[in-house]
């Protein structure tokens, strides 16, 4: 019942304007002048014979849509804060630190990244992908080194954002994105199934604990689907967890709570659980820097990658006409990790599952949803610890299982016979590596395979047609010449049987890189050694610049370049 009272108080406070954090709101009287409708103002008589009626804009001291938007963001943040607790505690255990460290990392990082990040709706926390990276550092040198690692990784992430490296996320192919979400959905599902097990075996339905756990999880899942059909005022996940918690308390069901997995000390409450602010207690020497640097670089890369992928996915889920900023997201995550390190935290990144809960609860329209998640979690740890500790794990698992179901791209299964085999391979490879290895390995492997496949496909598009007579022959090339097509390029010509003058027409082709220029130069030398003349024509400006840079400093060239291009005079190059 305490949880219900808190929600009621939150609703009352928001309706009074307390949640409107942008500026204070005042009570609006029913008969206030700006609520009576348009005011008619007559133009002075001397100017016109008849008075004109002018309508003044309605002066509203209370923007109702904005108030509703903030209320929705606040309630969504409350729902996500509950779902954050078991994740933060679990990741703290993976990293090898106290559960409170994971919770305060979520508070500090979540608030900062939501405020400064790339788009509304993203929720950040201590992360499994990051915790796996730094676990060995904690085991070998202690928790204080994790805070140094988080701060150093934050600096690298800010530098990455400042140099615009966040834009590289646009190079991630769609099959890699599908493999990422599918693999992540499986990983999240496996993490939730642990709560249905005891001693490595699944709980029995005939056992009271098993029956209660399965029943509360199923009840929560049904309520999440049912509540939106009954009311839009309460986020479905928050309403479902609240009702499930009341059912557990009323019937005294034997289910595990947050206190059971995190320990009673985690929810002791009071000011004593607040984190201490200050530099980590480690020797700031070159040796420390050398120890932490490899972990920090990996953590920064993994954190940015997962956060940017989450941002890309939310861009597609939230139809608000806006696009996230990769630069801001990297800077926001980096700043959050630095502040997390200063408060003894372990760092982290954006979480896709909790971000999806936030969006589905209506929090994807405002940054305040992520900020309120951190605020409510902090309040819960300090002032409402017993209430937070009594939330049943099974209810939160039910919510997360539905998130896993919605995260998995079921459409990718239907596309198997409709898309290229290479794309199917990439989706499967990334999914498996996400499950077996980690995020960074999976995504980078997917990008490499996709890039190599694309290069091979492009190398097969280079073709040529020829025309001429006994004295001159023209080759008209079509398709790009680059590192993947140089072998094909060399096989298109018959240097021994061609006439004395050979023209290579690049009007429908392009020299893309150093390998292409080197191939053209080598072909021209082959013709020159046979006493034949090679003329290059139809070169684009970019191809000409690339070619001129390659031959700079050479006294004699084995080819001629026809014409001039946009002020460039290639014909003036020494022949």
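Please read every residue number as a count from 1 along the shown chain.
Glycine is no exception: its Cβ is also placed from the backbone N, Cα and C atoms.
As a whole-number mean, the pLDDT of the domain 'STAS' (475-542) in this prediction is 92. Per TrEMBL, domain 'STAS' is recorded for 475-542.
According to TrEMBL, the feature signal peptide maps to 1-20.
Residues or ranges marked as transmembrane segment by TrEMBL: 88-116 (among others).
Beyond the ends of the transmembrane segment (128-156), by six or more residues, the same chain brings 87, 90-92, 94-98, 101, 187, 191, 280-282, 288, 291-293, 295-300, 302-303, 306, 333-342, 344-349, 438-440 to within a C-beta distance below 8 angstroms of the stretch. As annotated by TrEMBL, transmembrane segment applies to 128-156 (among others).
Only residues 6 or more beyond the boundaries of the transmembrane segment (168-188), in the same chain, are considered here, and those with a CB under 8 A from a CB of the stretch are 128, 305, 308-309, 311-313, 326, 352-353, 400, 403-405, 407-409, 412, 419, 423-424, 426-435, 439, 442-443, 446-447, 450. Annotation source TrEMBL lists transmembrane segment at 168-188 (among others).
Remote same-chain residues near the transmembrane segment (209-227) are listed as 195-196, 198, 202-203, 234, 236-237, 239-241, 243-244, 247-248, 253-256, 392-399, 401-402 (criterion: CB distance under 8 Å, separation of at least six residues from the stretch ends). Residues or ranges marked as transmembrane segment in TrEMBL: 209-227 (among others).
For 233-251 (among others), the entry in TrEMBL reads transmembrane segment.
Long-range contacts of the transmembrane segment (368-387) within the same chain: residues 2-3, 6, 19, 21, 70, 72-74, 76-78, 80-81, 84-85, 100, 103-104, 106-108, 110-111, 113-115, 117, 120-124, 267-271, 273-274, 354, 358, 361-362, each at least 6 residues beyond the stretch ends and with a Cβ under 8 Å from a Cβ of the stretch. According to TrEMBL, the transmembrane segment annotation covers 368-387 (among others).
Proximity of distant same-chain residues to the transmembrane segment (393-413), defined by a Cβ-Cβ separation under 8 Å and at least 6 residues beyond the stretch ends, is recorded for 82-83, 85-86, 178, 181-182, 184-186, 188-189, 192, 195-196, 212-221, 224-225, 237, 240-241, 244-245, 248, 255-258, 260-261, 352-353, 356-357, 360, 427. Residues annotated as transmembrane segment in TrEMBL: 393-413 (among others).
Beyond its flanks by at least six residues, the transmembrane segment (425-456) meets 129, 132-133, 171-173, 175-176, 178-180, 182-184, 186-187, 190, 298, 301-302, 305-306, 309, 412, 482-484 of its own chain at Cβ-Cβ distances under 8 Å. The transmembrane segment annotation in TrEMBL covers 425-456 (among others).
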